[in-house]
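Structure first, commentary second.
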Amino acid sequence: ACEDKNEHCKSWAFNGECGKNPKYMLFNCPESCKVCPACQDKNEHCKSWASSGECQKNPGYMLFNCPESCKVC
């Protein structure tokens, strides 16, 4: 199920934390960060980028645009 794991997710998301702290937020607050229910990559290059470590190097972009390849949902 795609749901927030913390009661504060909605307020954190409202304050921009999905972009500021994506590693935590997109995993723990996927509903508030609006990365569900469609867990799919938005770019055809996501799988290769994820394989080369971009989920860790560039989480702000990757976790939003490549959630399936980065395994956050």
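Quick reminder: no glycine exception, Cβ is built from N, Cα and C everywhere.
On a predicted model such as this, the values are computed, not experimentally measured, just so you know.
Per TrEMBL, the feature disulfide bond maps to C2-C36, C39-C73. Annotation source TrEMBL lists domain 'ShKT' at 2-36, 39-73.
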Among the disulfide-bonded residues C2, C36, C73, which residue has the fewest other Cβ atoms within 10 Å of its own Cβ?
C2
For the domain 'ShKT' (2-36), find every same-chain residue at least 6 residues outside the stretch whose CB is under 8 Å from a CB in it, and list them.
59-60, 63-64, 67, 72-73
For C39 (disulfide bond), list the number of other Cβ atoms lying within 10 Å of its Cβ atom.
13
Whole-number answer please: how many Å between the C-alpha atoms of C36 (disulfide bond) and C73 (disulfide bond)?
8
Could you round the CA separation between C39 (disulfide bond) and C2 (disulfide bond) to a whole angstrom and send it over?
9
Translate the DSSP assignment of C39 (disulfide bond) into the three-state scheme.
coil
Determine the mean pLDDT over the domain 'ShKT' (39-73), rounding to the nearest whole number.
91
